[in-house]
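Asker: Structure provided below as C-alpha cells; questions to follow.
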C-alpha cells in the first residue's frame, strides 16, 4: 500500500488563509469588493512600474493576507498559539495598544512564519490581541472578576482540534487525506457566531471599550478583519471611494513620499452594521446591529533598522510628517543601506527586505477609526505588569524579536 501524500505546515497555512478569505468574503461582501479592487490596482501598478516586485512577487502579494482576532486571557492566547503552530505561524513581536494615542485595553502579538522560504511561499499572519483585564484603569475588581468568570466558562476551540494541531506542529505536517477536515475545522472556529448576545453584559463592557465588549461580551472569537496587500494604497483608497465604499478618514502609517516605501501603510472601509440577535434580561430575543468588523488593506515597504525606526518615530512626531520626511530619510535605497537605516539582503540595495510586522500606532488608529467612542480609562498608574516577557511566560512560548529576524535575513546573500 502506498503511503498517503503529506502536506507541510506551509501548505496547510496557504489553505487556511484561503479558507478564511472565502469565509470572510461570504460573511462581509464588501471584503470581496476590496480584494477585487486590490487585484486591479496591483495589475495596473505592475504594468507601470519596472520594479513593482522588488518587495515580493505578484503571486505572493496577491495571495498575501493578514487577519486579526481577539481573545480574553492567557489560556485562550495559548490555545491560539497551539492552533497556529500547526500552520507554521509563531509569535513575533509585542504590541501594547494601551499606550497609543487612542488607547485600546489589549496587548498583542502576531503569529506568522519566520523562515524566508516560508514567507515567500505564503506569509499569512494574524495579529492577535488579548484583553488586558489586569489593568485597573479599565477594569475594577468587581468587573474583572465577572469577566474572568465569563471567560472561564467559554471554550473557543474544540479540544480535539487543538490536540490534532499539536500533533501536526510536532510532525511538521499531516497526511493529505487529513488536511481538508482539519483546515475546515480551524477556519470554522473563527466564523461569526449567530448565538444571541447578552445585551446588558455587552452594553456594560461597551462602556469600558467596544473592543472589550467584542472580546468578552460574546461566547466565541471571530475574524475581526482580513487584510489583502496592495502595491498602491493611495490608488486603492481612491477607487474604493469611487465605488461608494465608505473609507476611514486617513491612511495610517508613513506618508506617501518619492523615496523608498518603508514599514507599513494601512487603511480600511468602515465597520459595517451587521445584524445580530440580542437577549434581554427577561430572556426575550430581539434583533439589533453591531459594528465590529471591517475590511483593512495594507501596503508594505522595506523593514527599518533600530536606527531607521528612531528616525521614523521622529518624523511621525511632527505636525506634518510628509513635510519633514526628507530631513530624516534619504531618497534612494542605496543611501538607506549606506546609512544603516533599512534592511537589505546581503547589504544589496536592490534586495530590500519587506517589513513583515505591524505598527502599534497604526493598529490602534485603525481600531479607533472603526469605533463610535474612545475607551474609558480611569486614573492611576499602569501596574498590571504586561510586557513581552510576561506574555511569553503566560503562553509558554518564546516570542521572537522582529529585529533579530530581520538581522538574520540581512546576513543572507541575495538569491
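Glycine too: its Cβ is placed from the backbone N, Cα and C atoms.
The feature Fe(2+) binding site is assigned by Swiss-Prot to 66, 225, 296. Taken from Swiss-Prot, the feature 2-oxoadipate binding site applies to 66, 70, 225, 361, supported by similarity to another entry. Summarising the annotation, Swiss-Prot assigns site 'Important for substrate specificity' to 70 and lists similarity to another entry as the type of evidence.
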Asker: Among residues 66, 70, 225, 361 annotated as binding 2-oxoadipate, what is the maximum Cα-Cα distance? Answer in Å.
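Answerer: Taking every pair of listed residues, the largest Cα separation comes to 17 Å.
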Asker: C-alpha of residue 70 (2-oxoadipate binding site) to C-alpha of residue 225 (Fe(2+) binding site): distance in Å?
Answerer: 11
Asker: Where does residue 361 (2-oxoadipate binding site) sit in the DSSP three-state scheme?
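Answerer: Reduced to three states, the DSSP call for residue 361 (2-oxoadipate binding site) is helix.
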